[in-house]
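A.B. asks: Checked Swiss-Prot, it gives:
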type	residues	note
CARBOHYD	ASN20	N-linked glycosylation site
DOMAIN	25-161	domain 'Ephrin RBD'
TOPO_DOM	25-225	topological domain 'Extracellular'
CARBOHYD	ASN33	N-linked glycosylation site
DISULFID	CYS59-CYS98	disulfide bond
DISULFID	CYS86-CYS150	disulfide bond
CARBOHYD	ASN136	N-linked glycosylation site
REGION	162-212	region 'Disordered'
COMPBIAS	181-210	compositional bias 'Basic and acidic residues'
CARBOHYD	ASN211	N-linked glycosylation site
TRANSMEM	226-246	transmembrane segment
TOPO_DOM	247-332	topological domain 'Cytoplasmic'
REGION	255-285	region 'Disordered'
COMPBIAS	260-270	compositional bias 'Low complexity'
Amino acid sequence: MGDSLWRYYFGVLVIACKVNLSRALILDSIYWNTTNTKFVPGQGLVLYPQIGDKMDIVCPRVEGGSMEGVEYYKLYMVPLEQLKSCQVTKADTPLLNCVKPDQDVKFTLKFQEFSPNLWGLEFFRGKDYYIISTSNGTMEGLDNQEGGVCKTKSMKIIMKVGQNPSDPISPKDYPTSYPPKHPDLGGKDSKSNEVLKPDASPHGEDKGDGNKSSSVIGSEVALFACIASASVIVIIIIIMLVFLLLKYRRRHRKHSPQHATTLSLSTLATPKRGGSGGNNNGSEPSDIIIPLRTADSVFCPHYEKVSGDYGHPVYIVQEMPPQSPANIYYKV
């Protein structure tokens, strides 16, 4: 009964986890070079990954061993302010180094809320994450900290985790007003900020909030089912272990030898006194009554075995010094 119940709950746990993981997708790989047409001028590449999805950012290999068309980049994950200005700092750690043109180098992004790795990336629903490169594609400009292909080629990735394309842009992350355009800027700044323009439709906002809340509720239900199933399985395992432990202890007690305390005899072999002579000539040993007394703290582990294996009980008599006449009894 317990074994079948354990299998049932284990099956429920596996099914719940499969339902939760079936939503995970492997997104198309992003090739980081200037020939990739997915980078929209003035906007970059906007993605909508969900929790559990995976995506590779690939530094493509140059075919034929030719050095023509070789591009060198360093990719960084930056906050919104650095995305707008296309800047990085010395404290920023590169996410990916594209410095080996003779082989494919890639970095896999796994969109998970909790990472088992101490240095792993963690993503949260409803938040935006940004990847840019301030390198200009050459080895000399590999360590540039400003501009680069982020500004000239709009090579930047905006990842809206756990969101939908119909969701509005959050006003807390993006400004609601913009400075006027200046003709001397040539429209570069305005183009680079096109992705930052908010959607002003109130109906779209309500729809986006509804989709977002429904997806969050669904994922929470699946997670709760996994946790509940795992908890039930752990409880069943604990109960089974306790039951087996009690059963083992009962068997151990049943097979262990049972010891009993023994009784020792305190004997006083005093002759029966006559009326005049005071001797015991002619008296029989059966006329002497020997009192029995339980000896304190006396333990004989062989007593039960002797009395059970050899017929009549055998008593172990302890020799004691003569005692006072008060302990002597006479047969009348």
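Using N, Cα and C of the backbone, Cβ positions are placed for all residues, glycine too.
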A.B. asks: Using all protein chains shown, find which of the disulfide-bonded residues CYS59, CYS86, CYS98, CYS150 scores highest when you count other CB atoms within 10 A of its CB.
C.D. replies: CYS150
A.B. asks: Can you name the recorded positions among ASN33, CYS86, ASN136, CYS150 whose CA is within 10 A of the CA of CYS59 (disulfide bond)?
C.D. replies: ASN33
A.B. asks: For a quick check of packing: other C-beta atoms within 10 Å of the C-beta of ASN33 (N-linked glycosylation site), how many?
C.D. replies: 19
A.B. asks: Going by DSSP, give the three-state secondary structure for CYS98 (disulfide bond).
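C.D. replies: DSSP call for CYS98 (disulfide bond): strand.
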A.B. asks: Considering Cα atoms only, can you say which of ASN33, CYS86, ASN136, CYS150 is the nearest neighbour of CYS98 (disulfide bond) among these recorded positions?
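C.D. replies: Closest candidate to CYS98 (disulfide bond), judged by Cα separation, is ASN33.
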A.B. asks: Where the distance is taken from Cα to Cα, which of the recorded positions ASN33, CYS86, CYS150 turns out closest to ASN136 (N-linked glycosylation site)?
C.D. replies: CYS150
A.B. asks: How big is the Cα-to-Cα gap, in Å, between CYS86 (disulfide bond) and ASN33 (N-linked glycosylation site)?
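C.D. replies: CYS86 (disulfide bond) and ASN33 (N-linked glycosylation site) have their Cα atoms 17 Å apart.
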A.B. asks: Within 10 Å of the Cβ of ASN136 (N-linked glycosylation site), how many other Cβ atoms can you find? Include all protein chains, please.
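C.D. replies: 20, counting other Cβ atoms within 10 Å of ASN136 (N-linked glycosylation site).
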A.B. asks: In angstrom units, rounded to an integer, how far apart are the Cα atoms of CYS150 (disulfide bond) and ASN33 (N-linked glycosylation site)?
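C.D. replies: Distance between the two Cα atoms comes out at 12 Å.
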A.B. asks: DSSP says what for the domain 'Ephrin RBD' (25-161): how many helix, strand, coil residues?
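C.D. replies: Tallying H, G and I as helix, E and B as strand, the rest coil: 13 helix, 43 strand, 81 coil.
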